[in-house]
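These features come from TrEMBL:
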BINDING   A:Thr148, A:Lys175, A:Thr186, A:Glu271, A:Asn401, A:Thr406  substrate binding site
ACT_SITE  A:Thr186  active site, nucleophile
Number of protein chains: 2
Amino acid sequence: MIFKELDGGLSVIDNLKVAGAKEGKYGVAVIVSENSDASAVFTSNKIVAAPVIYTKKVVEKGKVSAVFVNSGNANCFTGNQGIEDCESLVELVSKELNIPKGEIAISSTGVIGRKMPLDVITGVASKVFSSLGNKPEDSLAAANAIMTTDKIPKQCALEVTLTNGEKVKIAGITKGSGMIAPNMGTMLSFIVTDGVMESKYINKALKKAANKSFNMIVVDGDESTNDTCLLMANKASGVNIVNDGEIDPNFQEALEYLCIDLAKKMVKDGEGASKVIEANIYGAKNIDEARLAAKAIVTSPLFKSAVFGGDPNWGRIVSAIGYSGADVSADTVTIAIANKQDEVDLVKDGEILAFEGTDNLLRAEKIMLGEEVIVNVDLNKGDGEATAWGCDLSYDYVKINAEYTT
Amino acid sequence: MIFKELDGGLSVIDNLKVAGAKEGKYGVAVIVSENSDASAVFTSNKIVAAPVIYTKKVVEKGKVSAVFVNSGNANCFTGNQGIEDCESLVELVSKELNIPKGEIAISSTGVIGRKMPLDVITGVASKVFSSLGNKPEDSLAAANAIMTTDKIPKQCALEVTLTNGEKVKIAGITKGSGMIAPNMGTMLSFIVTDGVMESKYINKALKKAANKSFNMIVVDGDESTNDTCLLMANKASGVNIVNDGEIDPNFQEALEYLCIDLAKKMVKDGEGASKVIEANIYGAKNIDEARLAAKAIVTSPLFKSAVFGGDPNWGRIVSAIGYSGADVSADTVTIAIANKQDEVDLVKDGEILAFEGTDNLLRAEKIMLGEEVIVNVDLNKGDGEATAWGCDLSYDYVKINAEYTT
């Protein structure tokens, strides 16, 4: 075992303090991890929120000591006022926690195009500053505070045994429920390790992990303006994660596991979601095409509706991979539907095995009625492989998003 | 007036016979327009249905005398059997109507991945062959027969006055309700003019019209395997539409009007749709970027849900154009929401006018509650303009698609 799961979220990391509080639809979380090396990945949306613009500049310098996050208002499309609001909050955090302004990252999630209610946010913030701690309930409070339409707080913590036998910890909290896709969705994720790792390596490790996790989940196909995933290394363990210029492979594997775990928790808690879809593509021409095909399946509103209804309408898988942009031929493709107990071939090397009335279609229907639907597709075109995760499209998705601001 | 609307759908065209019938979920329509020059546009999905493969070859020769359409089964992903079934149907049509096999187009819509129930289809077909006529009810019966989840039959007919004063007619029927987007969606459209026009000009005119109409509508973002839009010119009027190598501009304008009219009828009848969304983009860098931005708005599940709920959550418009791929800047964009009675600026040259509690937001909410929501966006980047149409995302969309095959 190169890593094991721990309870307690961010609280497993030494030299870290965290807290969170909510008041009505507004929440604040603060993570203090002094003198951390850091890097982050952000949304690729061309309209980005003020805190993304602000925090990009902070992170470029490679050092973050505290993160201030608010939910309820995205501080997006708020012009100069938005940047000024970021600066006011940073000034507040700096004064309260005695941290240099240049080492404070800021992050927001919530409604776009509304001014920040600074008085409300600072009111909640004052409670958070006074309750910073390093107990499991502190991490949980932070994970709770950053939720918007999320129903459950999401966190994950691991202890990793590096290749040289030394141990480091890594832990993260995340929020995200709608607007998840195609790149990072509306998600905020804050991950801390107690290992030693310069920001350029953090950047490399994080990008690789994000491409296999946060960038492979879809709730609805919308992409947010505020997405941020920040990884900090606070050196509390004194253990080097990078040796001779190489990131320890066990750490990389654990980071990817943690990111995938957080990502899967997001789709499971997707707006209105009642089921999780996993799409595995094998045999694509290359990895990029595999990613396209995997994401097309978990994005298709028609397939997502079919999963909601438990309808084994696998023609919609065919249709989705057909328009995905990946190279697909009707006479080579193999498609199976599975869950943990069963796997049934629907199409084998282009030959249909699940016509009306067949046993295969009945078994597929049984799988489709379950809470987890796995789609395995072999395109038989090359070596490209990828996995994407998504959720079904339900009445509740529509209900939640028809009534969001009103 | 260069054209006027007529009643009667395809029946307004001389030398044309049409009929349709349904039996349970299966329908058949036949259009006989002998010795027509023809061209068509098809789905760009890489998995295409057997009738698309078959009909592409027929249309390449530029001549179509009859179209046989069935609903209820898409004859897609049916391998060699699917092509054989097309051939059987063409043989039947050829024998019944005494038309050369090479001039018969075939089209299917319905469930993907199920073998064609040929006995049922030929049973319905026999009724259709015996009832071919040229009365308004015959066209309506055909428009009805090709429906799947459509609620209303869709047809349009125009009389066009060409630039030289001569008159031609143009008429079409269409079906399409879900899987509409991004290119042609699940739609079948059969258009006939009584003018004289060689297939290469038909191809040119149809492509231009389809790009402004069928290729600019979105119900759900899924793209079908069976889309076909066929335009036939049967020369019954003896009037040339092409003179000195130029397509008469009045005809082109009328054809575009007809295609847009049929396209809008499709989104209005989109699965579960209760409202129509029109997105107009101005000032894009170029027309391609305008098309991307316009389609992103009518595709966004979040904005579509907001329209369903009458929620003026215009941040979702910002987010959608931001990830559309078009060049967008927060400080230059102007966004307005409108209906036929009112237009209200939400953002003007980057400045927000619709904060909480403003009169603008209240007026926007009133517009969002109506049955038609128009979004006008000026990107202030160039001269590119485009319009896209879509519908809201409702509980009924989910219901219809959760229960489609079961």
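Cβ from N, Cα, C; glycine included.
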Members of the binding-site residues set A:Thr148, A:Lys175, A:Glu271, A:Asn401 whose C-beta sits under 8 angstroms from chain B: A:Asn401
CB neighbours of A:Glu271 (substrate binding site) within 10 A? 28
Among all the protein chains here, how many other CB atoms are within 10 A of the CB of A:Thr148 (substrate binding site)? 22
Restricting to the chain of A:Lys175 (substrate binding site) and a gap of 6 or more, list residues whose Cβ falls under 8 Å of its Cβ, or answer none. A:Ser71, A:Thr109, A:Ala143, A:Ile146, A:Met147, A:Thr148, A:Asp150, A:Lys154, A:Met187, A:Leu188, A:Ser189, A:Met266
One finds that other Cβ atoms within 10 Å of the Cβ of A:Asn401 (substrate binding site) number exactly 27
Please report the DSSP secondary structure of A:Lys175 (substrate binding site), reduced to three states. strand
